[in-house]
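Straight from TrEMBL, the features:
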TRANSMEM  54-74  transmembrane segment
TRANSMEM  80-97  transmembrane segment
TRANSMEM  104-119  transmembrane segment
TRANSMEM  153-175  transmembrane segment
TRANSMEM  209-232  transmembrane segment
TRANSMEM  253-275  transmembrane segment
TRANSMEM  295-313  transmembrane segment
Amino acid sequence: MFLVGSALLLTALAVTQPFALASLAVVVLGPLHVVLATRYILGRSLPALGGSTGGTLALLVAAMVLVRIGAALVPTPGRYLELIGGCAVVGWALWKGLDARRRVLGLAAVVALAAVSLLELPWYWLFLTHGHNVVPVIFLWDWARRLHPGARLAFVGANLVWASAIPAAVLSGWLDPLIGPTPPTVVTRFGNPTVLLASASPPGADPALGLRFLVVFGLMQAMHYLLWMVFFQVAGRREVTRFGDAFLRLRGWRFWVLGAGVSALVWAAYAIGYSDGRAAYGLLGDLNVYLEQPVAVWLLLTALPAAATTRVVDDLRRT
């Protein structure tokens, strides 16, 4: 009920102040959320990262950060390269997670997705922008496996309300009379509301539809932060402890010093200019994005029969 109640409160805020919630939450909470999310994701996936898997994943994440730097310097080819790299990360995850007979099907699906995305690049980035916010739902489903079947069904069903029903209601236009269409002064002075609206909207969307998508983006981004920063840190103590046992130098107060330091560096970039802060956060965020994607793929694959998956997925299924 905590998540459902929080979603209802955040929906009210997202509807009445869509510009403020979407733009200010990422500034205040974004950097620390990456650090906390990384702790949980690594804690959850460590059982599957033995052998060369962990090293390869680290190299892929580092490579995608370099690609992001290149995209910032040379946007047009960089965005295409980032798309191809992102699909390659997902393809690698499928290759590692599926048995030999099913790998071809998985890779064929990724190649088809990449081909369509290259032709419709703006739609790909829209999907990635909104899709990233709902990735924690996969981890939520995975976490719920520890519950008894009846409790699990109720938990998943209740959370589908905020993950699907509320966004559907917003996009249908039912809440249009309540949406605040004017950005507050702090947003207009600090950032660019037009760019913010465009980044969350489908290509060619009219202003009304764009506002609906901005409301959904603000809500789901806030829930994204709530899940990584609060729910998984409290309810996922097993994973948090596993991370601490593996990285002893980041246990206790040292971890929070790291989080504070990372936040301070990104805030310093924001102090120079909003675009500088967004660029700094974008590099940091890639650590989160391209770490969570392959792990999320493996967690989804745990729903398949054991015969269809490899040891990587089996290790996650057992822990």
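Along the chain as shown, residues are numbered 1 onward.
For all residues, glycine too, the Cβ spot is worked out from N, Cα and C.
At the 8 Å Cβ cutoff, the transmembrane segment (80-97) and the transmembrane segment (209-232) share fewer than 3 close pairs (sequence separation 6 or more) and do not count as touching. Within the chain, the transmembrane segment (153-175) has long-range Cβ neighbours (under 8 A, six or more residues past its boundaries) at 1, 3-4, 7-8, 11, 15, 134, 137, 140-141, 144, 147, 208, 212-213, 215-216, 219-220, 223.
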